[in-house]
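Asker: This is the structure I have questions about; it appears just below.
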Amino acid sequence: MLEKFSNWKSKAEQENKIEEVKLENVPKHVAIIMDGNGRWAKKRGLPRIAGHREGMNVINKIVKKANSLGVEVLTLYAFSTENWKRPKNEVDFLMRLPERYLSVELPKLIEENVKVRLMGCKESLPAHTIGAVDNAIEKTKHNTGLILNFALNYGSRDEIVSAIQDIAKEVVAGNITPDQITDGVITEHLMTKELRDPDLLIRTSGEIRLSNFMLWQLAYTEFWFTDVLWPDFTEQHFLEAISVYQQRTRRYGGI
Ligand code: IPE
Ligand code: IPE
Ligand code: MG
């Protein structure tokens, strides 16, 4: 008889040995692929946009929790370069979400010392979306707490392509030679240039893939997947992910 295959969870995780979160080893950069809004809505017989609205309400709880735990950067995948393939009404709704979210939450973000940041291709985003985000960036630019990095119209391959184009231009201009292109030079040309790589990646909704998210930056990140749909994600799930992270041994190729 075939042995039952274990899933993507480690042994400790399968056995549910979740301990308390230790404040001294909190991941400094947490990235989240917030997935499952559509399925959450479908299960309730609601339109997909109802799932996005509900998902938006989760963000603020997780931001607060991350900030209070001392997480330095929280990157949230809100819209990918591939999400333009969706029906127009859904895309339009998603493009209104940053304004909706910030119109309510910006005063709290300012008060909580959160610094808003954007990662993604600004050019194809509607003016109203960019306007809301730029305003939040401006109003929080002196804040020194959690960096809230929104990945909006973000695609990792596009990001890498434009980094290569920029570097190639510098080579052509004679500023650097091909031999001088290092890991560090590439990192410097990405949209995350002043951020450390994520320590922990969370993806909700049971999908075990990256969907073009931070391919370069996730080289040594710890992954945590959950079947929970994003609108159902709570602070407790977030703590569980961090607790699992704290039980992992990061070796970076060493022993
Ligand atoms: C994530 O939820 C939100 C975005 C991608 C914008 P989905 O909309 O992908 O929800 P599912 O995966 O269809 O359930
Ligand atoms: C990834 O989710 C993008 C965001 C969460 C913003 P998708 O729902 O777009 O990913 P796929 O299509 O299932 O891979
Ligand atoms: Mg999805």
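Glycine residues also receive a Cβ, built from the backbone N, Cα and C atoms like all the rest.
Pulled the feature table from TrEMBL, pasting it below:
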- ASP35: active site (ACT_SITE)
- ASN83: active site, proton acceptor (ACT_SITE)
- ASP35, GLU222: Mg(2+) binding site (BINDING)
- 36-40, ARG48, HIS52, 80-82, TRP84, ARG86, ARG203, 209-211: substrate binding site (BINDING)
Asker: When the Cα of ASP35 (active site) is compared with the Cα of each of the recorded positions ASN83, ARG203, GLU222, which one is closest?
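Answerer: Going through ASN83, ARG203, GLU222 one by one, the closest to ASP35 (active site) is ARG203.
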Asker: Using DSSP and three states only, what is LEU210 (substrate binding site)?
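Answerer: DSSP assigns LEU210 (substrate binding site) to coil.
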Asker: Which of these binding-site residues (GLY36, GLY38, TRP40, TRP84, ARG203) have a C-beta closer than 6 Å to some atom of ligand 2?
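Answerer: Passing the 6 Å Cβ check against ligand 2: none.
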Asker: Once the chains shown are all counted, how many other Cβ atoms turn up within 10 Å of the Cβ of ARG203 (substrate binding site)?
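Answerer: Here the count is 23.
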Asker: Quiz question: given the binding-site residues TRP40, TRP84, which has the greatest number of C-beta atoms lying within 10 angstroms of its own C-beta?
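Answerer: Neighbour-count leader: TRP40.
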Asker: Out of GLY36, GLY38, which of these binding-site residues shows the lowest number of other CB atoms within 10 Å of its CB?
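Answerer: With the binding-site residues GLY36, GLY38, fewest surrounding Cβ atoms within 10 Å: GLY38.
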Asker: Between the Cα atoms of the residue listed as 'active site, proton acceptor' and GLY36 (substrate binding site), find the distance and write it as a whole number of Å.
Answerer: 13
Asker: Any same-chain residues 6+ apart from LEU210 (substrate binding site) with CB under 8 Å of its CB? Would you list them in sequence order, or say none?
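Answerer: In sequence order, the residues whose Cβ lies under 8 Å from that of LEU210 (substrate binding site) (at least 6 apart) are ILE33, SER156, LEU218.
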Asker: Can you go through the binding-site residues TRP84, ARG203, LEU210, GLU222 and pick out those with a C-beta less than 6 angstroms from ligand 1?
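Answerer: None, by Cβ distance under 6 Å.
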Asker: Do any of the recorded positions TRP40, THR81, ASN83, ARG203, GLU222 touch ligand 3, in the sense that the CB is under 6 Å from one of its atoms?
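Answerer: Checked recorded positions vs ligand 3; nothing flagged, none.
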Asker: Within 10 Å of the Cβ of ASN83 (active site, proton acceptor), how many other Cβ atoms can be counted across all chains shown?
Answerer: 17
Asker: Distance between TRP40 (substrate binding site) and GLU222 (Mg(2+) binding site) at the Cα atoms, whole Å?
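Answerer: Computed Cα spacing between TRP40 (substrate binding site) and GLU222 (Mg(2+) binding site) is 26 Å.
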Asker: Where does ARG203 (substrate binding site) sit in the DSSP three-state scheme?
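Answerer: The residue in question, ARG203 (substrate binding site), is strand (DSSP, three-state).
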